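Lifted from Swiss-Prot, the feature list:
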- HIS124, TYR128: heme binding site (BINDING)
- 134-153: region 'Disordered' (REGION)
- 1-8: topological domain 'Cytoplasmic' (TOPO_DOM)
- 30-153: topological domain 'Periplasmic' (TOPO_DOM)
- 9-29: transmembrane segment (TRANSMEM)
Amino acid sequence: MMTPRQRRMTWVALMVAGVSLAAFFALTAFQKNLLYFYTPSQVASGEAPKGYPFRIGGLVVKDSVKREPDSLTVRFEVSDGPNAVPVLYTGILPDLFREGQGIIAVGQIDDGGTFQATEVLAKHDENYMPPEVAESLKKNGGLPADYSEYRKK
């Protein structure tokens, strides 16, 4: 038979173990659902994870949009200046999607180096560009040094 103190210690130990297990599962689920942002230069250099979804952002390269006939499949390239990553997307593109436009795509990179997008988001305000995209474009020479017109007002 256990003394009251031993019973309390057993309950405390079980509660600590239960809370620890719940925290572990919550953090594991949270980690698997995170979508990190990468620039085309980071993807080209191999920094982006293969086999895991992430976000890529940049400008749609002019004359790179190719639509497959009788299909919703679209191929285009997204660039941050010196590097461009081919993107394949099947679905309806946003109304604001066009060449030279800033976009963010969600998906994963395949073995051939093509980004398989599951979602494409176009910027809504013509004067706004996500800070990560603007910094990458500025750093890589794809954006003028004074890019204040791209910042959210």
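The backbone N, Cα and C atoms fix where each Cβ goes, glycine too.
Note that the coordinates shown come from a computational prediction; the quantities given were computed from them, not determined experimentally.
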**Q.** Beyond the flanks of the transmembrane segment (9-29) by at least 6 residues, Cβ under 8 Å
**A.** 2
Q) How many helix, strand and coil residues does the topological domain 'Periplasmic' (30-153) contain under DSSP? A) 20 helix, 42 strand, 62 coil
Q: Can you check how the pLDDT averages out over the topological domain 'Periplasmic' (30-153)?
A: 82
